[in-house]
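Read through the structure below, which is laid out as structure tokens, and then see the notes.
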Amino acid sequence: MSLSLSSLRHIAGLTAAELHATGLSDGHPSDTLSGNVSVTAITADSRAVMPGTLFAAVPGVKADGRAFIASAVEKGAVAVLAPTGTTWPENVPERPLVLTPNPRHALAVMAAALAGPQPENLVAITGTNGKTSTADFLRQLWALQGLKAAGLGTLGLTGVDLPPITMPALTTPDPVALANGLAALARAGVQHVALEASSHGLEQNRLDGLHLSAAGFTNLTRDHLDYHGTVEAYREAKLKLFADLLPSGRIAAANADMDSVTLDALRAIARTRNLTLRTVGEAGETIRLITHTPLPSGQELVLDVGGQKHTLSLALPGRFQVDNALLAAALAAPDDAALMQKVDLLPQLQGVRGRMERAVVLPNGASAYVDFAHTPDALARLLASLRPHALGRLIVVFGAGGDRDKGKRPLMAQEAERGADIAIITDDNPRTEDAAAIRADVKAGAPDALEIGDRRAAIAEALAMLGPQDVLVVAGKGHEQGQIIGTEVHPFDDADVLRTLAGQSLANAAPAAQA
Ligand SMILES: CC(=O)N[C@H]1[C@@H](OP(=O)(O)OP(=O)(O)OC[C@H]2O[C@@H](n3ccc(=O)[nH]c3=O)[C@H](O)[C@@H]2O)O[C@H](CO)[C@@H](O)[C@@H]1O[C@H](C)C(=O)N[C@@H](C)C(=O)N[C@H](CCC(=O)O)C(=O)O
Ligand SMILES: Nc1ncnc2c1ncn2[C@@H]1O[C@H](COP(=O)(O)OP(=O)(O)OP(=O)(O)O)[C@@H](O)[C@H]1O
Ligand SMILES: N[C@H](CCC[C@H](N)C(=O)O)C(=O)O
Ligand SMILES: [Mg+2]
């Protein structure tokens with residue numbers, strides 16, 4: 001699809017006064033520069049510019065996109081979008097220059113306009129933990145009703161019979177990939193999409209071009225303060241989904257057991273913006289969790305759904321999975337009358353890859369789980385959820401990622417030490433940081449924890465410790481397929497490593513047992 005620059009500016013709410021170009025002495029654009037150029041694509045990456053592209057030159061964390069205007073023009077950019085105050089670089093052929101205080105917002109809105117259709121039911125989920133799980137449960141609930149549905153987030157694009165669409169490996173993709181991916185899904189008849197809204201994505205306006213039908217909020221606890229600076233700024237970024245992006249009159253759903261500051265702020269936004277707020281959980285008003293009883297194969301739930309008591313079994317272990325399942329049900333129901341029907345589907349939900357996934361059961365009855373907990377709150381809840389399953393000891397292997405929030409490292413360790421009988425600190429994507437220094441930051445919160453840097457060796461050591469009825473959980477990587485050291489990704493899959501090592505130890509044990 002192509003659109004004229006002036007239509008794009010109109011769509012993004014940018015006025016004529018914001019169109020400039022160097023060499024225009026009277027400040028008024030000439031005909032060529034008046035915005036009648038045809039734009040076929042938009043990108044914020046000069047390396048992706050092709051003839052006909054509008055280049056969004058945005059300052060970022062590592063680089064300043066304005067340094068690449070010359071290169072974009074050389075590659076055929078027909079116009080440039082940039083922050084107010086940007087001047088045209090010297091010795092670069094003139095192009096229309098659209099200036100706005102928030103070019104990332106304009107980029108997302110224009111990308112959506114150029115991409116075309118969006119799925120009719122587009123639900124975004126935010127929160128510190130539980131976005132992927134809730135989005136996948138929602139996708140499953142739709143699929144169970146026979147609807148063509150997709151999930152989009154940390155796991156990439158998920159669903160059955162989807163067109164081949166490549167997405168960047170981010171929880172919330174950049175606005176151009178997002179808009180194009182969603183348009184491809186809509187064109188393929190996928191009208192139900194559950195999407196993760198990360199705080200980075202919200203802060204960077206990646207979702208600003210989307211037409212959302214509902215939005216969910218799981219919880220807000222510590223993470224990503226390296227990027228947002230303060231909890232307040234982090235909360236503000238998450239709340240943007242409800243304050244700015246979700247259109248008035250739509251459904252907002254939240255876990256009522258989340259911190260009260262965030263919940264109160266959400267309630268205030270819902271009131272002001274006329275959103276229908278649904279709450280779930282122990283304090284939930286829409287779906288209230290009355291009791292939950294862990295069972296060997298999952299858990300039994302007693303719920304109050306709109307005043308009606310309802311008992312059902314969930315085939316998933318872990319208290320936090322109940323929160324995610326109930327939030328998904330609240331988001332799946334277009335009106336209150338449909339709530340019970342969605343709740344009735346919950347027993348059919350299947351586990352999400354790498355989320356409390358039981359990878360190995362040893363002949364002595366010990367189990368080993370893989371989970372994606374990488375925050376203090378997630379680790380605390382994970383270990384509390386596993387405790388009833390550990391008739392023996394509970395052992396955790398975990399680490400903290402490099403180039404990510406340093407403040408969470410000792411807090412994660414405290415939760416590991418508090419919640420498990422044995423905690424083993426290991427490496428989890430050191431990225432460009434020194435792995436030993438990360439482990440030292442972690443160990444400051446758990447001086448008694450064991451430290452084994454090599455992740456495979458740490459898992460092997462933990463497996464060797466497992467006595468009858470013990471439970472091991474390897475946390476932090478979940479579905480991940482690699483260990484990122486420097487900028488290189490070394491293949492690594494916790495579940496595979498567990499299965500391989502458990503198989504080897506059984507093979508090694510066999511001759512000894514016969515002797
Ligand atoms: C810190 C961060 O979020 N960075 C994201 C951001 O990059 P940025 O805009 O700051 O980029 P930059 O490298 O400073 O460059 C500035 C601009 O110059 C442009 N450029 C750069 C080089 C060049 O040759 N030409 C060019 O035009 C860049 O395309 C960019 O537009 O925007 C890019 C495009 O959307 C993202 O790819 C990039 O994600 C990086 C890779 C990343 O690691 N992000 C992580 C932290 C992230 O976003 N995680 C969240 C949260 C996960 C969770 O929930 O836990 C996620 O949604 O995945
Ligand atoms: N509702 C919840 N409350 C607290 N912890 C949770 C909740 N749901 C999941 N977790 C924990 O967080 C981990 C990650 O879950 P999930 O992948 O669903 O979260 P996410 O928000 O998508 O994470 P990311 O920010 O990395 O995308 C799980 O493996 C579990 O340990
Ligand atoms: N989306 C999260 C994933 C963290 C996973 C963990 N394995 C790590 O590397 O810290 C992040 O980018 O912070
Ligand atoms: Mg996720």
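Placement of Cβ uses the backbone N, Cα and C atoms for every residue, glycine included.
Keep in mind that TrEMBL annotations are predicted by a computer and have not been checked by a curator.
Under the heading domain 'Mur ligase N-terminal catalytic', TrEMBL lists 39-111.
Taken from TrEMBL, the feature domain 'Mur ligase central' covers 125-332.
Residues annotated as ATP binding site in TrEMBL: G127, T128, N129, G130, K131, T132, S133. Cβ neighbour count for T128 (ATP binding site): 23 (other Cβ atoms within 10 Å of its Cβ, all protein chains included).
Secondary structure at K238 (N6-carboxylysine), taken from DSSP and collapsed to helix, strand or coil, is helix. Annotation source TrEMBL lists N6-carboxylysine at K238.
Under the heading domain 'Mur ligase C-terminal', TrEMBL lists 354-478. DSSP places the residues of the domain 'Mur ligase C-terminal' (354-478) in helix, strand and coil in these numbers: 46 helix, 27 strand, 52 coil.
Marked as meso-2,6-diaminopimelate binding site by TrEMBL: R404, D428, N429, P430, R431, G476, E480. Its Cβ placed at the centre, R431 (meso-2,6-diaminopimelate binding site) has 16 other Cβ atoms within 10 Å.
Marked as motif 'Meso-diaminopimelate recognition motif' by TrEMBL: 428-431.
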Env. residues of meso-2,6-diaminopimelate site, Cβ within 8 Å of mean position of R404, D428, N429, P430, R431, G476, E480 Cβ: H374, G399, A400, G401, G402, D427, K477, Q483, I484
Number of helical, extended and coil residues in the domain 'Mur ligase N-terminal catalytic' (39-111), per DSSP: 22 helix, 19 strand, 32 coil
Among N129, S133, N429, the most crowded of the binding-site residues [Cβ within 10 Å]: S133
Output field, ATP shell: CB within 8 Å of site CB centroid, site G127, T128, N129, G130, K131, T132, S133 dropped: I125, T134, E196, T218, N219, N324
Secondary structure of S133 (ATP binding site) (DSSP, helix/strand/coil): helix
